[in-house]
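According to TrEMBL, the protein has these features:
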COMPBIAS  1054-1070  compositional bias 'Basic residues'
COMPBIAS  1087-1098  compositional bias 'Acidic residues'
REGION    84-110  region 'Disordered'
REGION    1049-1098  region 'Disordered'
TRANSMEM  479-501  transmembrane segment
TRANSMEM  522-542  transmembrane segment
TRANSMEM  548-571  transmembrane segment
TRANSMEM  592-618  transmembrane segment
TRANSMEM  691-708  transmembrane segment
TRANSMEM  715-734  transmembrane segment
TRANSMEM  746-767  transmembrane segment
TRANSMEM  779-805  transmembrane segment
TRANSMEM  1021-1050  transmembrane segment
Amino acid sequence: MAPTLDRHVVTAVLVAHDGARWLPEALKALLTQSRPVQRLVTVDTGSADRGPAVLAEVVGENEVLTLPRTTGYGEAIAEALRQDAASAPVPEDESAPAHHAHHADQAQGSRKPRTEWIWLLHDDCAPERDALDRLLRTADADPNVAVLGPKVRDWEDRRVLRELGVTVDAAGRRHTGLDRREFDQGQHDGVRDVLSVGSAGMLVRRDVWERLGGFDVEYGVFRDDLDFCWRVHAAGYRVVTASDAVVYHAEASRRGLREIGMTAEHPARRDRRNALLTLLANQPLGAMPRALVRNVWASLAHALVLVVTKRPGMAREELRALGDVLRSPGRLRRARAARAEGRTRARRSVRRFQTRWVVLRRAGEAVSEYFAAHERDREDRDDDLTADEPGPIRRFLARPGVMVVLGLAAVAVAAERSLATAAGRLGGGALVPAWGGASDLWAQYLSGWHPVGLGTDAGSPPYVGVLAVLSTAAFGKPWLAVSVLLLGGVPLAGLTAYRASRLLVVEAPRTGRRARASGRRVPVSAVRAWFAAVYALLPAATGAVAGGRIGTCVVLVLLPLIAVHAARLYGFPRSQAAGLDARTRRKRAGRAAWTVALLLAVAMSFVPLIWPVALLAAGMVRALLDRPGRQGLRGLSIALGVPPLLTLPWTAGLLLHPSRFLTEAGLHRRFDPAAPADLLALDPGGPGTPARWALAGLLAVAVCALPLRSRRGHVLAGWLLAVFGLLVAVLTSAATVTKGADEAPVWPGAALLFAGAGVLLAATAAVQRATEALAGHHLIYKAGGAAVLAAALTAPVLAAALWVAGGAGGPLGRLDPDTVPQFVQGTGGVRTLVLHREPTGRVSYTVLRGARPRLGESEVTVEGGRARDRMDDLVAGLSAGREGDDGPALTRMGVQYLLVPHPAKDPLTRVLDASPELTRLSRTGTFAVWRLQATSARMMLLEGSTVTPLSAGRVNARVQIPPGTGPRTLLLAEPADGGWRAALNGDEVKARTVDGWAQGYDLPTAGGEFELTRSMTMRHIWVAIQGIAVLLVAVLALPGAQTDTLMLAGERERRRRGRRGRRRAPRARAQRALPPASTVEPPEQPEPAEEPSTEEVS
């Protein structure tokens, strides 16, 4: 030992708490230091294991300070330093061992004053043999160094770095600057200034410790070392790390490897609370308010992330910790006052140690680690591959599921070739073109008043919100989201169907003859590919594309996913569920229930019929299967009860008007209904469907499956689902429903998807049996199997060929945005009445408000009411050539123009030409337009017979009213209700009903500024609640996240031991009984030293 180290007097304080597992090695490492400590104080805080006996055996029973179990680490250190043993006199020559005495003699005249040090140790840390010596050598280099910390490595894997200094970010999050499981290769070696060092192996000058009051005893555990080091910096001293001094640390308390006896609260709560207190107590007064606000938001955001990642318990502890700090301003004030007394250095001396942009850096590291982990897994799987094996891209493209999707995408592109140039203008049939951007969809969904038709306060249908979310993800392009769902519906359905087929089509066990014939069998992946292709090319799928029925396309894509998770809800497949414990099965069923609820809510937003169909199907399945029990009933209640709640208040409208269950997203246009024979062939009617005989092979194979004894459950379930879907299709196709101004029969496409899925389910059982027969040796069986497979293959081949040959054209196509004249699309607030005489003689009409129709507007059009009755009467009179004041009455409803599509074919053209109240403006082969002679506007000032149009926005308005000569009425051409608020010069104006339907206001002779507003607060609150509910359901549907490694590693270890571990606990404890101190082996060192006796230490 060098003479300069002779002046140091070191008092080691070791605190033990349920540490018998680590104490022998920790004590051995301490007692075999190359530079021994002069004083040793051991403390036990109420350990419930053999820890006290181990301490007494090594240092003597009278030398162990025993404190209550509720004693914190800082309080234990303070109590230990108050003991006589911590201040016992140390002779001048004790610092210099005999073999270094000559150095001491030579340095007598130049000896420096003694320096007292405190070495803090845990019962789960073991310093290397020369750790103290190297710490003291580093301290000798600068007298301003007050705190030193060693390099901390992992107790189990001693190559892994755990800590080499600690810092925090602006949100109080602890950072070590190390990667996860980073190996120590000397990359961080050296003496460095840091914000803090951990208390395990911390070496502190005793005078600084006593001046600053040591650890804050109110912390108990966690962050007391950070707080102390922060105060050391503020007092003008240095905190450094010495990388050549190494300590091995198990971090038992942080990892949950033992219980923290001093408190019953969760470690995460105490850790976060102490972090906030440290950050706020040590900040200057000017920076503290900003830090408080920042950490409030950081805690809320972190809690939200924890909830999203399915760790609600950790989120609760995060919020509780924040509440503890906010509810105790007195404690924070006292802490700040105590820390202000010894501060001699500005905050910038500490700020340089705090990390910045750590959240983004960690996110990038997490992404890199994710891909690195997958790459390692791939390398592990591919260790036996040769150099001739294909690369990762080729292997990905060679996957059966990818090949199916790519093949279906090629078929779809070929069939939809006429729609390739329709980007942004795709429309026709049931599809309304997706004009505008994602912000327009969001504004429409959030709006509490829709200037559509005659005006309505009905909420937008939920599918508008779904399209708004998808459009936002599609770079703000609604047309792109619609194109992906509609034109990409077939390949997307193939993807989800292939995913579902993995649950249905499984590899049969290969034993006996099956094992010998396995080389000749048709691969399972081929059967799955066939299943996906047939499902994606069902007639309802291709017909939905041609008819612009985006709702049916969404159901087509989601139905296999709903089926997969519904099967898991019921406990299928049984073979997988049997291998899980009861707790895991409950979690699995619970996630499946929430997933079904979310998917079903999305599906019914586009096609409301899906919900009652799913309700009936679930009842039928429950009646046929064993009773699901209490847990199963709970899952069914979630899966079927949550979707209508998520779509409120739109669902209430469905229940009040049951006929709306038979409509779907978009326009309700007429089509050629299917004949009963077509329905039996799964053809819903309309354009884009293949010939009736295209699926004859599939139906024949499904019929052949009926006599099968193997997979009989699949066959019966498939045929029951097919019959059920056909029954629903027959009943719904016979109905005629009015939606807005359109009256048309119901399209049974969604119901036939259920029927087609059922037929396919039964046929798949026959195909699987045919593949087994084809691999056998019996010639007749092989011939029968080949025939079944050939018939099954005709379905996707013929469906794809006919679809490509006929194309996806029909009503769907590229629409010209200027079909309506520009002067009709003006922004003056006037409306256009579009008239059309149907073959039945009925005159239908649509009211356009200057702009093109938008997605979701047909669902919010007013049905019934006084405004609708008034317009019905005026349209009937006008189309019949009735003489009277129908023209002025139409202008008072905001109508300025009349438009008739295809005027040459519509007899209404002659009637309107003969009306003296109309002036024809133009006529083309596409449309004819007339203008009413009287002036119209959305808002008009009526004074006697004089009508003065006023400028108004789509909803709210602010206009200057000129003075008048008598009583006047302001007419707002919107249905009268209590949602409008009007003020003249700031004074509220009383409303009244005009013409029996419209909103009106009596105005005084004096003019002024008139302001009209519509409150939408309730709509916004409801949408916010709906969004939170959807987010909550999505979180519950997600798989569980990994629990925090530091906090619950011990809990996972205890669960892994399980009941067997508890039964063997007495014998295990006996086997782990520690030997006497003389037989305990020291940690592996290059040069192990001889162990000192107990008498020498004490």
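Yeah, the Cβs are placed from backbone N, Cα and C, and that goes for glycine too.
Between the transmembrane segment (522-542) and the stretches 479-501, 548-571, 715-734, 779-805, it is 479-501 that has the most C-beta pairs under 8 angstroms. Same-chain residues lying 6 or more positions outside the transmembrane segment (715-734) and placing a CB less than 8 Å from one of its CB atoms are 609, 613, 616-617, 620, 624, 662, 673-674, 676, 679-680, 684-685, 702, 705-706, 708, 745-748, 751-766. Sequence-distant contacts of the transmembrane segment (691-708) (same chain, at least 6 residues past either end, Cβ-Cβ under 8 Å): 534, 538-539, 677-678, 681-683, 715, 718-719, 722, 759-760, 762-763, 765-767, 769, 788, 790-795, 798-799, 802. Nonlocal intrachain contacts for the transmembrane segment (779-805), taken as residues 6+ away from its ends with a CB within less than 8 angstroms of a stretch CB, comprise 411, 414-415, 522, 530, 533-534, 537-539, 542, 688, 690-691, 694-698, 700-701, 704, 763, 766-767, 769-773.
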